[in-house]
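*Asks:* Okay, handing you the structure first.
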Amino acid sequence: MMRRLFLISVPYLWLLALFLIPFVIVLKIALSDTALSIPPYTPQIDLSAGWEGLRTFFAALDMENFVWLTEDDLYWKAYVSSLKIATISTLLALLVGYPIAYGMAQAPQEWRATLMMLIILPFWTSFLIRVYAWMGILSQEGLLNQLLMGLGLISDPLIILNTNTAVYIGIVYTYLPFMILPIYSALEKLDASLLEAAEDLGCSRFKAFWLVTIPLSKGGIIAGSFLVFIPAIGEFVIPSLLGGSSTLMIGKVLWEEFFSNRDWPVAAAVAVVLLLILIIPIILFQRNEQKQREAE
Amino acid sequence: MKTQILASTAAFALLAGAATADEVRVYNWSDYIDEELLAQFEAETGLKLVYDVFDSNELLETKMLAGGSGYDVVVPTGTFLQRQITAGAFQKLDLEQLPNHGNLWDLIKDVTAGYDPENAYSINYMWGSTGLGVNVGKVKEILGDDAPLNSMELVLNPDNMEKLAACGVHFLDAPSEIIPMALKYLGENPDSHDKDVIAKAEPVLTAVRPHIQKFHSSEYINALANGDICVAVGWSGDILQARDRAAEADNGVEIAYNAFAEGSLMWFDQMAIPVDAPNPEGAHKFLNFILDAKNMAAASNYVYYANGNIASQEHLVEDVIGDPAIYPDEETMSNFYITTPYPAKTQRVVTRLWTKVKSGT
């Protein structure tokens, strides 16, 4: 019994230490007001005053910052724009990632480990350096434009860097492995005899793919999509390095609140709302995982 | 930017280690010192110097107000310094540890006392103005020989900007400097803290926004020098550095710095010691080293900014002390204006306006 309790408590302790406590701290800041002090918000908990201190502390908290978020359409637009960019990037990653995963699963057994290695290899280089490399590729004097102009395909350089296109390229590139790996693991387990059976029963190869392979890899597709969508929506580094000043994403707005306005409470409120938006897909993701496990 | 991120990463790695008493950590603006001075400081004092750079007051202020930055010396601009002093971010200087303090220039001290009463918390490092960097040849080619090279008309009049756009125009990414400039252009008080007055800057900036290639506070040095852009609204010394780099490269690019005839913002970068500096004694040693007449002169000779050190003037090269773009004559001086820090509520209005101008939302 004790052992069981202990085993169950481990993930909950993990959740408490790495999610709940940080969240409560952020929420507390979101309910405070800015102040010119170190740290730049008020009230602070005054433990020396005992219960009285706690009471004045809670009395000073209010929802003002959340109300503020509804008053300026910047935040609303930034959330919507982030959702849009994350959704499109996820679809693109799926379009690119599925054929790669399929190809890997079809490859001879002895190649698979190597192919897997190739997918993981980019992680050995710093993420920041890889994004910088894209700046070198996409800029007006960059490799891509030089190549296209050298081949005579275009006469004027394409303007890609500092646009949303560059942001999509950056996100799809960065998160592609997270799409490929779960799909690959679903496809690898696929029983080839099911496809034979489908063809025996009169399915064309394409139809068999559509009716058998895709549904059986659904779990991988869903898992991969969430793994791309969730980090993409709050992405900050990629839009700030590859995007232009018209790229509106919530991560950048949060940065501005924090660094330009020095308004930690509003920055915290933006983060809390972002989390609430993300909780829905996260819960859906968890449900999907659970269903998968139950099915197995 | 790249070196900056690498530098900050390195700084972070270092901060993760324990601070030691024989180490001084300085956080200064990018392209703002003769790097030989850094080696010289280490040789003279036997202290190890960790030197990191930034290019935005906002970034520095966030670090200061978060506390525990781990730096011993930082260099905020006057207005930001004033606000951070109020927040309790700095410690008072111990003049006993600064025997070179007498080298400071009273004329500058009188002005900086407006930000830091009695100059109790800071020493002036350098000062300058915000004005126009122009690629003289190209701008004249586009706008003719009578192009307004020293006027806000060049960068705030959409007609001129439309023609210059293809050649490239950069603005500083510094709302606290560009918004006062737009207000000055309209004949308003540039230091206004009135929401309605500040709002008037928006249409002026929005009108030229489509023709501005980038808002950035350090890239324009190289961009001007290489001839990648034609005009930059930037800081005096940075533009003069661009002028020099172009001259050295001998690439046919001629860069000039002009203060605005309408009046330029004058600013003062002040060295101060954070209240939680790990090594305040080492910090004082660094300040005293900078206050040394010859060292300060070496720094100014290298970065083309005027300094607040009267004793250094005899060691300045003629290119610096004799250049009215660096040490302006009295008439130009009287045309300069200064600003005071925005209160938090006004700051929000300013940042919001800035986001709106930059992103159109």
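The backbone N, Cα and C atoms fix where each Cβ goes, glycine too.
Below are the features listed in TrEMBL for this protein:
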type	residues	note
TRANSMEM	A:12-31	transmembrane segment
TRANSMEM	A:78-101	transmembrane segment
DOMAIN	A:79-285	domain 'ABC transmembrane type-1'
TRANSMEM	A:113-137	transmembrane segment
TRANSMEM	A:168-187	transmembrane segment
TRANSMEM	A:207-229	transmembrane segment
TRANSMEM	A:267-285	transmembrane segment
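Help me understand the surroundings of these features in the structure.
*Replies:* With a threshold of 8 Å between CB atoms, the same-chain residues lying at least 6 positions outside the transmembrane segment (A:12-31) that come near it are 41, 61-63, 65-66, 264-265, 268-269, 271-272, 275.
Panel annotation: around the transmembrane segment (A:78-101), residues 119, 164, 167-168, 171-172, 175-176, 178-181, 183-184, 187, 220-221, 224-225, 228-229, 232-235, 239, 248-253, 273-274, 277 of the same chain, lying at least six beyond its termini, place a Cβ under 8 Å from a Cβ of the stretch.
Residues 100, 104, 107, 143-144, 161, 166, 169-170, 173-174, 177, 180-181, 184, 237-238, 241-242 of the same chain lie 6 or more positions beyond the ends of the transmembrane segment (A:113-137) yet place their CB under 8 Å from a CB of it.
Long-range neighbours of the transmembrane segment (A:267-285) within the same chain, counting only residues 6 or more positions beyond its ends whose Cβ lies under 8 Å from a Cβ of the stretch, are 23, 26-27, 29-30, 65-66, 68-69, 75, 79, 83, 222-223, 226, 229-230, 233-234, 250, 253-254, 257-258, 261.
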*Asks:* Mind checking which residues reach the transmembrane segment (A:168-187)? Cβ under 8 Å, same chain, six or more beyond either end.
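*Replies:* Result: 85-86, 88-90, 92-94, 96-98, 100-102, 104-105, 116, 119-120, 122-123, 127, 130-131, 134, 138, 160, 213, 216-221, 223-225, 227-228, 231-232, 235, 238, 241-242.
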*Asks:* Same-chain Cβ contacts of the transmembrane segment (A:207-229) under 8 Å, 6 or more residues past its ends?
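*Replies:* Counting only partners 6 or more residues beyond its ends, the transmembrane segment (A:207-229) has Cβ contacts under 8 Å with 86-87, 89-90, 93-94, 97-98, 101-102, 171, 175, 178-187, 190, 194-195, 198-199, 281-282, 284-285, 288-289, 292.
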